[in-house]
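Participant: Let me give you the structure first, and then I'll get to my questions.
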Amino acid sequence: MTTTKTNLLDFDRKGLRAFFSEELGEKAFRADQIMKWMYHFGCDDFDQMNNINKKLREKLKQKCEIRAPYVSEAQHSVDGTIKWAMKVGDQDVETVYIPDGDRATLCVSSQVGCALACTFCSTAQQGFNRNLKVSEIVGQIWRAAREIGLEKETGRRPITNVVMMGMGEPLLNMKNLMPSLDIMLDDLGFGLSKRRVTVSTSGVVSGLEQMIGKVDVALAISLHAPTDKLRSEIMPINDRWNIEAFLACVREYIASSNANRGRVTVEYVLLDHINDDMDHARQLAELLKDTPAKINLIPFNPYPGSPYKKPSNSRIDRFMKTLMEYDFTVTVRRTRGDDIDAACGQLVGDVIDRTKRTQVKQQGEAIPVKLFNLDVLQQGKAE
């Protein structure tokens with residue numbers, strides 16, 4: 001859908017106030033009122049905003065819109081997990097809702113596809129098209145809240161936690177990630193606690209450096225290997241920023257953060273007979289000895305055509321117990337939504353691939369382990 005109207009979901013509070021002042025000739029408090037309507041009440045109809053005068057409502061209808069991605073398909077798991085295909089332009093990204101008692105976590109995408117080509121991730125096999133806009137990132141939360149039921153309707157928050165662990169690498173979309181995080185944390189936005197918003201990164205050091213001292217949220221890092229040699233084999237980004245550089249930046253961010261309570265969450269996908277033996281566990285413990293961390297082990301979630309397998313329960317248990325001998329807090333992630341391909345590493349969406357990765361795969365050739373031009377992404381030229 002092509003439109004010349006300005007989508008107000010693309011602005012954080014600072015940007016919305018500037019837009020109201022400079023483009024609409026209105027006072028800042030009007031922007032605050034609109035923001036509250038959008039995020040507290042899930043309102044996308046200016047006529048329903050009854051504390052806004054009619055003249056301004058008419059101006060807003062002429063020049064602006066409130067447009068979030070819409071749900072093109074929904075799949076429901078037996079465990080209560082819901083996976084939505086969210087329409088962004090002519091493509092889809094996937095968003096996952098994971099209820100757990102009084103908590104409800106939303107796994108949000110940051111890109112259409114992913115540029116990083118991690119060999120164990122289904123999203124990576126789809127290739128990459130573009131970064132999501134602010135309205136397409138926060139719009140996933142906005143739409144999910146509408147689908148589940150707004151707090152004013154149900155008496156409980158529809159979303160209590162947000163994890164930037166969907167499709168894409170969040171720190172390759174800094175231009176749109178930062179204002180999106182501001183909206184998630186803002187009392188006039190979604191009003192989430194900084195400890196309940198998690199950004200996960202595969203190791204984009206330049207992006208993490210930009211976050212230091214500017215935004216304080218929970219940090220999770222996708223490590224997945226204890227040595228540079230193995231990590232480079234399964235995660236090509238390691239050739240750009242190796243483990244040492246990555247962990248040094250992580251320690252700097254954690255030192256500046258209150259949200260993380262002094263330690264980072266290390267995500268480690270367990271691939272059968274690839275990175276899951278006791279030597280790997282001991283190497284991982286040695287690697288992390290100077291980085292305060294809790295370790296989240298993720299048994300591999302298979303997807304069609306995957307070259308990897310999930311380890312046996314005994315191998316998972318041995319790996320976990322070896323790490324615990326070094327006094328690490330270790331958890332094994334409980335798989336949710338795997339019956340609808342909504343588990344970690346299984347999200348695919350509908351991607352018009354700019355990397356030709358899918359074309360190569362269809363021709364029966366090995367997918368080249370090559371990064372999309374990261375500089376293009378970091379400069380915000382892949383919108």
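In case you wondered, yes, glycine gets a Cβ from its N, Cα and C as well.
From Swiss-Prot, for reference:
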{"type": "ACT_SITE", "residues": "Glu94", "note": "active site, proton acceptor"}
{"type": "ACT_SITE", "residues": "Cys344", "note": "active site, S-methylcysteine intermediate"}
{"type": "BINDING", "residues": "Cys114, Cys118, Cys121", "note": "[4Fe-4S] cluster binding site"}
{"type": "BINDING", "residues": "Gly168, Glu169, Ser200, Ser222, Leu223, His224, Asn301", "note": "S-adenosyl-L-methionine binding site"}
{"type": "DISULFID", "residues": "Cys107-Cys344", "note": "disulfide bond"}
{"type": "DOMAIN", "residues": "100-339", "note": "domain 'Radical SAM core'"}
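Context for these features, please: burial, neighbours, distances.
Facilitator: The number of other CB atoms found within 10 A of the CB of Glu94 (active site, proton acceptor), across every protein chain shown, is 24.
For Cys114 ([4Fe-4S] cluster binding site), the number of other Cβ atoms no farther than 10 Å from its own Cβ, over all displayed protein chains, is 30. Taken residue by residue with DSSP, Cys114 ([4Fe-4S] cluster binding site) is part of neither helix nor strand, so it is coil.
A simple way to gauge crowding: the CB of Ser222 (S-adenosyl-L-methionine binding site) has 22 other CB atoms within 10 angstroms, across all the protein chains here.
There are 28 other Cβ atoms within 10 Å of the Cβ belonging to Cys107 (disulfide bond).
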Participant: Can you see whether DSSP assigns Cys107 (disulfide bond) to helix, strand or coil?
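Facilitator: Where Cys107 (disulfide bond) sits, the three-state DSSP reduction gives strand.
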Participant: Take the domain 'Radical SAM core' (100-339) and average the pLDDT across it for me.
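Facilitator: Mean pLDDT, the domain 'Radical SAM core' (100-339): 93.
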Participant: What does the structure give for the C-alpha distance between Gly168 (S-adenosyl-L-methionine binding site) and Cys118 ([4Fe-4S] cluster binding site)? Integer Å is fine.
Facilitator: 11
Participant: Please find, for Gly168, Glu169, Ser200, Ser222, Leu223, His224, Asn301 as listed binding S-adenosyl-L-methionine, the greatest distance between any two Cα atoms, in Å.
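Facilitator: Largest Cα to Cα distance for the S-adenosyl-L-methionine-binding set is 19 Å.
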